[in-house]
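Summarising the annotation, Swiss-Prot assigns domain 'Deacetylase sirtuin-type' to 15-336. Swiss-Prot lists 40-59, 129-132, 261-263, 291-293, 312 with the feature NAD(+) binding site. Residues or ranges marked as active site, proton acceptor in Swiss-Prot (evidence: sequence analysis): 167. Marked as Zn(2+) binding site by Swiss-Prot: 175, 178, 200, 203. The compositional bias 'Basic and acidic residues' annotation in Swiss-Prot covers 397-406. Residues or ranges marked as region 'Disordered' in Swiss-Prot: 397-487. Under the heading compositional bias 'Basic residues', Swiss-Prot lists 415-425. Taken from Swiss-Prot, the feature compositional bias 'Polar residues' covers 448-459.
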């Protein structure tokens, strides 16, 4: 458990080590997406509700009305006070004073922080030990209605709750006999301020019906109305609903738990913190404790990661400074972005105006002459006094005649003329005997046409004699590489 003491560093510069640790806490809160919050009486001290033990506290106010009563502060929240009429009367007066103070209480920075987490969809659930119901002033839904859980699906009704009151609701009255719930009214408030408990109207109606019908009245009692809160040593009337709801939240696997304004001394709250811490650490989350008093390091070192010793509201104000976007609504964020875009656009469109140079009068120059000089020549005036200017050389630019040339067209593929096929002369070795005989056969009809008709009639001996020299000639020509087509 890392301890960060902000009370010792108030008004002074924060040490580097403390600043680094605090930055880790702030960074984790800003990145968390599914948070659970546990609150105690410490977050309501700045709401206008008097504390219990100071000179103007509620205990002294009650003693002023009941000077003979000897009741300790802890006894006002114990179930044993119902055994004594004097203790019960003190209890009624104390609760009426606390109820009146809660009506005039204003939400603190811590209450508003819980509301912001809800609006940003970062809040899974807020569990509170407080019974003052200040959260309802900022439109956070709280209070367990038994009829709603009986008539509808459990998970649907449970997920509609923003704040779960672990120790009851001061703004409701419940019957000690039938457990029916009632709202406060002027009659009930007057009776309780005087130390008297109002009677339950439902129990009274049931009693009268049995009385008028002539039925037995044995065991029929009329209950008394008292604030719907859980006292020490008393069984919680909504324990089944709370247990089922807490198990549902554990299955949702939150990634952060912030504990604010409680000393963690109640057994049930200790068990809740340890169960949530185990689930959160398995997911890689962190548990952050914020209160004015320190915890026992040996008891909580395995469950709490960061301990911030500070006033709860001061811690929230510091978060506002470090992560301001978390505390802005979506409309405010959108308008801020539009303003930034507008400022950037105006700065881009704004013309750049150069400042006019002032003419400085050098010694030896009259004021009238100085006025004739333009601001652009301010620098040249100084140069003329001390530095000789080089003569300006005019360079003539030769005129260059440019010939107009036709715009080149994209080249086309040139036409390649077909080359005549060259006859390849065969060597004598390449000519076979079959080619020689085939050529001889083709020449025979040509020789027949050239010969006279008489010779063809006279006989074939002369033809054979004539064919023989022709064959020889062809064979000789073939050896030399000469074909008949070339003749």
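Quick reminder: no glycine exception, Cβ is built from N, Cα and C everywhere.
Least crowded of the recorded positions (167, 292), judged by neighbouring Cβ atoms within 10 Å of its own Cβ: 292. Annotated Zn(2+) site 175, 178, 200, 203; additional same-chain residues within 8 Å of its Cβ mean position, judged by their own Cβ, are 176, 177, 179, 180, 201, 202, 204, 222, 223, 225. Cα of residue 40 (NAD(+) binding site) to Cα of residue 167 (active site, proton acceptor): a span of 11 Å.
Classification of residue 203 (Zn(2+) binding site) by DSSP places it within a helix. Using a 10 Å radius centred on the Cβ of residue 200 (Zn(2+) binding site) and all shown protein chains, the other Cβ atoms total 24. Using a 10 Å Cβ-Cβ cutoff, residue 48 (NAD(+) binding site) registers 13 neighbours. Residue 44 (NAD(+) binding site) has none of the recorded positions 167, 175, 200, 203 nearby, counting only those with a Cα within 10 angstroms of its own Cα. Checking each of the recorded positions 167, 200, 203 against residue 261 (NAD(+) binding site) by C-alpha distance, the shortest gap belongs to 167. Counting only the Cα atoms, the space from residue 175 (Zn(2+) binding site) to residue 48 (NAD(+) binding site) is about 29 angstrom. Cα of residue 178 (Zn(2+) binding site) to Cα of residue 292 (NAD(+) binding site): a distance of 41 Å. Considering only the binding-site residues 44, 129, the Cβ with the fewest other Cβ atoms within 10 Å is that of 129. The C-beta environment of residue 203 (Zn(2+) binding site), restricted to residues of the same chain at least 6 apart in sequence and closer than 8 Å, consists of 175, 177, 178, 221, 222, 223. Considering other CB atoms within 10 Å as the measure, the emptiest surroundings among the binding-site residues 40, 261 are those of 40. Minimal Cβ crowding within 10 Å, among the binding-site residues 175, 178, is found at 178. It is 21 Å from the Cα atom of residue 48 (NAD(+) binding site) to that of residue 167 (active site, proton acceptor). A separation of roughly 6 Å, to the nearest angstrom, links the Cα atoms of the residue listed as 'active site, proton acceptor' and residue 129 (NAD(+) binding site).
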